[in-house]
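Working notes, structure below.
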Amino acid sequence: NQTEVSEFILLGLTDIQGLQHFFFISFLLLYLTSLVGNGAIVTMVISEPQLHTPMYFFLGNLSCLDIFYSTVTVPKMLTGFLFGHQPISFGGCLAQLHFFHFLGSTEAVLLATMAYDRYVAICNPLRYTLIMNPRTCLLLAVASWSTGLVHAMMHSVMTSQLRFCGHNHIHHFFCDIKPLLNLACSSTSLNMTLLNVVTTSIVLGPLTLVLLSYLYIISFVFQKVRSQEGRWKPFSTCASHLTIVALLYVPVLFNYTPPSSGSSPKKDMQVSLMYSAVTPALNPLIYTLRNQEVRSALKK
């Protein structure tokens, strides 16, 4: 006589009262920084003609993604710090899982698109406007969002087919795939295979494209550019993008590449904090601090 689970309880980061208040203030500030910073970049990219270029078109997409990405998990986590363990319906849990992976995988593909844009700008500058024309940029952005959507749909549909009839306490601050698979009563072997094969491909495929783009850029710069100053300039324009790639990929590789079943829930949760709450807040700061055009547009 097993009862189907209709809701889950998110246990959150900690039960210690003092830490809960500290975490609430810290992550509220991070969330507000993410909303204000990314919102400012989206506004600048739309309203400032100087920023109507492929690079800033993709940056606007990235900032838009980061606003939604942090909104999927952080508000629920903040509520948990104030009121304790948070109930979430089965449908709400699936929705959170879907949007988290939709936006996360879209960001991974978009970062590869931005690396390709930098490669064309540096290695083929005379044909840049021809190659990266508005239609191509739009198609690349649509392809990034569509890839993320298909990837997330696969996980949400497969997870919805599982039966949950035992414990309903999730040792996490949001509904992620691995904590949910640990609670399932039915077989999760296909879900785990998809997580290990497809999600790893979504992570490693774009990362390979990013690394190839920068290998070509480095090779081109050292072969074609003689002066030290001339070599430094292309790298300085790529520094912000590389920093964001590192901030996203290091924790994601830790969490979602095989063996996905071997890591501890506590470590997974701590690593998830990095790319779900911290990175979206840092992205606008990185681009604003390192980019002269963004700084001047922000002053305007």
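Note that the numbers count up from 1, one per residue, in the order the chain is shown.
Note: Cβ is positioned from N, Cα and C throughout, glycine not excepted.
Taken from TrEMBL, the feature domain 'G-protein coupled receptors family 1 profile' covers 37-287. Residues annotated as transmembrane segment in TrEMBL: 22-46, 58-78, 98-116, 137-154, 197-222, 234-252, 272-290.
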Within-chain partners of the transmembrane segment (137-154) [C-beta distance under 8 Å, separation at least 6 from its ends]: 54, 57-58, 61, 97-110, 113, 116, 194, 198-199, 202
Candidate ranges 22-46, 197-222, 272-290 - greatest C-beta contact count to the transmembrane segment (98-116) (under 8 angstroms): 197-222
Mean of pLDDT values spanning the domain 'G-protein coupled receptors family 1 profile' (37-287): 86
